[in-house]
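Enquirer: Encoded as structure tokens, here's the structure I'll be asking about.
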Amino acid sequence: MGAAASIQTTVNTLSERISSKLEQEANASAQTKCDIEIGNFYIRQNHGCNITVKNMCSADADAQLDAVLSAATETYSGLTPEQKAYVPAMFTAALNIQTSVNTVVRDFENYVKQTCNSSAVVDNKLKIQNVIIDECYGAPGSPTNLEFINTGSSKGNCAIKALMQLTTKATTQIAPRQVAGTGVQFYMIVIGVIILAALFMYYAKRMLFTSTNDKIKLILANKENVHWTTYMDTFFRTSPMIIATTDIQN
């Protein structure tokens, strides 16, 4: 994605669209009793992310799956070309999917339908389920706020988790780069200040500090009558350089 701020914007947009699609296409509601509750949400490496859980439950698991995919497709379509360019690498890192900008929607849909319709997911009858995410990074100076929408079914939550893995992978791809970039900028500024300070001291010394010979010359210049030998002594205080040492033969 283009910037860390855009990650938060995209996450917010995605959450709003998922809630809206679940309500419209799966008759989900925040007031509906959920067959599955989220017990705990674990982030193995949390570097500044906040997670909240929102219930939008219904009895139609297939409609939930379609609603989540529809929300993801619309959100991806609204990204800028620069943001879309990041997405294939995130799919590979988060879900081990080899994809491209042009096929990412279809590949994600296939992944979700295959994974979330598997018997391991469908036959999961646990009433309280835990969600585990590998890692998440907050933007420099501010946390990244994520929302996990509980659909009340294993299939729906499977699709939600796949999207959550992608969004958290986006934070791990971008936030550390910005932190590193900030560090480089800081050191460049420090080096620049040191160079400018050295130049200032050099010219200040040339302008403000006078050598002993120059001081004598200034004093003599201010006197009215000075014998010519004094000038000679002042201007030739330093011994002349020896140009040649070979004896001259007559």
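Numbering starts at 1 and runs along the chain as it is shown here.
Glycine residues also receive a Cβ, built from the backbone N, Cα and C atoms like all the rest.
The annotation topological domain 'Virion surface' is assigned in Swiss-Prot to 2-183 on the grounds of sequence analysis. Look at Swiss-Prot and you will find 2-12 tagged as region 'Targeting to MV membrane'. Among the features that Swiss-Prot reports, disulfide bond is placed at CYS34-CYS57, CYS49-CYS136, CYS116-CYS158. Per Swiss-Prot, the feature transmembrane segment maps to 184-204. The topological domain 'Intravirion' annotation in Swiss-Prot covers 205-250, and the record cites sequence analysis as its basis.
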Enquirer: Which of these disulfide-bonded residues is closest to CYS136 (disulfide bond) if you go by CA atoms: CYS34, CYS57, CYS116, CYS158?
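Expert: The answer is CYS158.
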Enquirer: Among CYS34, CYS57, CYS116, CYS158, these being the disulfide-bonded residues, pick the one whose CA is nearest to that of CYS49 (disulfide bond).
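Expert: Closest by Cα: CYS158.
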Enquirer: So what pLDDT does the topological domain 'Virion surface' (2-183) average out to?
Expert: 89
Enquirer: Can you give me the Cα-Cα distance between CYS158 (disulfide bond) and CYS34 (disulfide bond) in Å, rounded to a whole number?
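Expert: It is 15 Å, counting Cα to Cα.
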Enquirer: Count the other Cβ atoms sitting within 10 Å of the Cβ of CYS116 (disulfide bond), across every protein chain shown.
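Expert: Excluding its own Cβ, the number within 10 Å is 25.
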Enquirer: Using a 10 Å cut-off, grab the number of neighbouring Cβ atoms around the Cβ of CYS136 (disulfide bond), all chains included.
Expert: 25
Enquirer: Determine the most Cβ-crowded residue among the disulfide-bonded residues CYS49, CYS57, using a 10 Å radius around each Cβ and all protein chains in the structure.
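Expert: Ranked by Cβ atoms within 10 Å, first place goes to CYS57.
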Enquirer: Neighbour count first, Cβ atoms within 10 Å, every protein chain included; then name which of CYS34, CYS158 tops the list of disulfide-bonded residues.
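Expert: Within the set of disulfide-bonded residues, the most crowded position is CYS158.
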Enquirer: If I take the alpha carbons of CYS116 (disulfide bond) and CYS34 (disulfide bond), what is the distance between them in whole Å?
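Expert: Between the alpha carbons of CYS116 (disulfide bond) and CYS34 (disulfide bond) there are 18 Å.
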Enquirer: Check the DSSP secondary structure of CYS49 (disulfide bond), expressed as helix, strand or coil.
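Expert: SS state of CYS49 (disulfide bond) = strand.
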